[in-house]
Amino acid sequence: MKQYLDLLQHVMENGSDRGDRTGTGTRSVFGYQMRFDLAQGFPVLTTKKLHLRSIIHELLWFLKGDTNIAYLKENGVSIWDEWADENGDLGPVYGAQWRSWPKPGGGHIDQIANLVESIKTNPNSRRHIVSAWNPAEVDEMALPPCHCLFQFYVADGKLSCQLYQRSADIFLGVPFNIASYALLTMMVAQVTGLKAGDFIHTLGDAHLYANHFEQARLQLTRQPKPLPVMRINPDVKDVFGFAFEDFSLENYSADPVIKAPIAV
């Protein structure tokens, strides 16, 4: 995807070298935006192969409201292993905030259920928002949410999504985030009777770790291929009713994986 390669090149050429929490060092810019028309294909990288299984299972895990890595491990997904405690728990991370945001007087708010209902009943609303950033619980999370707030927008029979990501690990994290939220947009569009529009990805601190520079340079030598098509089982009408088998990526051709270390 040219949009992603443009981001890589922009940060490599214009970013500021800074320290960071992990001690690895980064090159970063503050404030960057990419836009993907989902009618033009599914926005998954073709200049390095991505593990789509991990992306789909992680999204389904979020939608379950789950915060223990047991489901992920059962399905061969290890992307959260470094942050889990000895029992596999992560604290009140994404799934908890999406599905059971605690109310001050007791009880919980299911933001995803409310979102879907709001899109169906009041599509022109400017309040189609889900937040994972809960200041009261951030300190209890194994990792505070990087992709922390998203908003949906309905126009001309199409559903678009804008994500704000406060912290963006460009080489390892951002490709997963693009595909994940593009897929979420398609799923929500299907269950609300709409077509998928655009996915807009807004980044706050967009950074390349110093030990990813060589990998980024290699990726920039590769040419993007045509985007694949994501097929979703049309019979699923409940956003919580999707299973892994309901998704099929067709015509995905990608360059080999480029390995890079995770900064924890």
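A Cβ is built for glycine as well, from the same backbone N, Cα and C atoms used for every other residue.
Features as listed in Swiss-Prot:
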ACT_SITE  Cys146  active site, nucleophile
BINDING   Arg21, Arg126, Arg127, Arg166, Ser167, Ala168, Asp169, Asn177, His207, Leu208, Tyr209  dUMP binding site
BINDING   His51, Asp169, Ala263  (6R)-5,10-methylene-5,6,7,8-tetrahydrofolate binding site
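Feature annotations (Swiss-Prot) mapped to structure.
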| residue | record | Cβ contacts under 8 Å, 6 or more apart |
| --- | --- | --- |
| Arg21 | dUMP binding site | none |
| His51 | (6R)-5,10-methylene-5,6,7,8-tetrahydrofolate binding site | none |
| Arg127 | dUMP binding site | Ser118 |
| Cys146 | active site, nucleophile | Gln165, Arg166, Ser167, Ala168, Asp169, Gly173, Asn177 |
| His207 | dUMP binding site | Val11, Gly15, Arg18, Asp20, Thr26, Arg27, Ser28, Ser167, Ala168, Asp169, Ile170 |
| Tyr209 | dUMP binding site | Asp20, Thr22, Thr24, Gly25, Thr26, Asp169, Phe171, Ala260, Pro261, Ala263 |
Longest CA-CA distance among Arg21, Arg126, Arg127, Arg166, Ser167, Ala168, Asp169, Asn177, His207, Leu208, Tyr209, per record bound to dUMP, angstrom: 36
Neighbouring C-beta atoms (10 Å sphere around the C-beta of Asp169 (dUMP binding site)): 22
Annotated (6R)-5,10-methylene-5,6,7,8-tetrahydrofolate contacts His51, Asp169, Ala263, maximal Cα-Cα distance (Å, integer): 19
Structural state of Asp169 (dUMP binding site), classified by DSSP into three states: strand
